[in-house]
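Q: Structure provided below as structure tokens; questions to follow.
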Amino acid sequence: MDWGTLQTILGGVNKHSTSIGKIWLTVLFIFRIMILVVAAKEVWGDEQADFVCNTLQPGCKNVCYDHYFPISHIRLWALQLIFVSTPALLVAMHVAYRRHEKKRKFIKGEIKSEFKDIEEIKTQKVRIEGSLWWTYTSSIFFRVIFEAAFMYVFYVMYDGFSMQRLVKCNAWPCPNTVDCFVSRPTEKTVFTVFMIAVSGICILLNVTELCYLLIRYCSGKSKKPV
């Protein structure tokens, strides 16, 4: 599945989201997926080929690169976007299932008085209530967990969010401690900080939406007659 397909699927979820959820999807598309596809790949490029060490020992450069960059930044961000987007796909599946059930009941004649035809069922805005509320709320909760987990993994794996210009490596088969140089470290640091900052904004939006849904749920409960 490419990014265009993912955008199409999540665009369908956007119709059933809250206003805060729509802002989150906009940030996800413009500031994360578009930046990752258009700009970040150009900055990183073939990063292993641009990783230079002051030794001719066969295998030393590859081992040092693998030690300092066990997973490419691009691939880690792509994996993060997949994990963060997956809960939203569950909401889309739930909405599709609910519409399928309404179509089935309409064909059987159980709810013919509620809809004119099947097309009206397809275009009906689905309200976030009942079991869909739990699915939607759970999806937001897991998005926050995935975002925070990947930010932590990123920080631990790369020892911070800034890209070092020079790294020293003494892993085998290097004959001694060698100096290795990272290409375009400043540009990569800027992109890294930007992506982390956008992840933080997404977490803030998700937490805000979660609080909004919980408050609306509690106020709806309190209005019900005892």
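Every residue, even glycine, has its Cβ placed from backbone N, Cα and C.
What Swiss-Prot lists as intramembrane segment is 2-13. According to Swiss-Prot, the topological domain 'Cytoplasmic' annotation covers 14-20, 95-135, 211-226, on the basis of experimental evidence. Annotation source Swiss-Prot lists transmembrane segment at 21-40, 74-94, 136-156, 190-210, citing experimental evidence. Feature annotation from Swiss-Prot assigns topological domain 'Extracellular' to 41-73, 157-189. As annotated by Swiss-Prot, Ca(2+) binding site applies to E42, G45, E47. Marked as disulfide bond by Swiss-Prot on the basis of experimental evidence: C53-C180, C60-C174, C64-C169.
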Q: Taking the Cβ of C53 (disulfide bond) as reference, which residues of that chain separated by at least 6 in sequence fall under 8 Å from it?
A: C60, K61, C64, C169, C174, V178, D179, C180, F181
Q: So what's the average pLDDT for the topological domain 'Cytoplasmic' (211-226)?
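A: Taking every residue of the topological domain 'Cytoplasmic' (211-226) together, the mean pLDDT is 74.
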Q: Can you tell which of E42, E47 has the most other C-beta atoms within 10 Å, given these are the binding-site residues?
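A: Top count of Cβ atoms within 10 Å goes to E47.
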Q: Going by DSSP, is C174 (disulfide bond) sitting in a helix, a strand, or coil?
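A: Assignment for C174 (disulfide bond) reads coil.
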Q: Restricting to the same chain and to residues at least six past its boundaries, which positions have a Cβ under 8 Å from a Cβ of the topological domain 'Extracellular' (157-189)?
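A: Cβ under 8 Å, 6 or more out: 43-44, 47, 50-55, 57-61, 63-65, 67-71, 73, 76, 196.
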Q: What count of other C-beta atoms do you get within 10 angstroms of the C-beta of C64 (disulfide bond), across all chains shown?
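A: A 10 Å sphere around the Cβ of C64 (disulfide bond) contains 22 other Cβ atoms.
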Q: Highest Cβ count within 10 Å among the disulfide-bonded residues C60, C169, C174: which residue is it?
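A: Answer returned by the neighbour count: C60.
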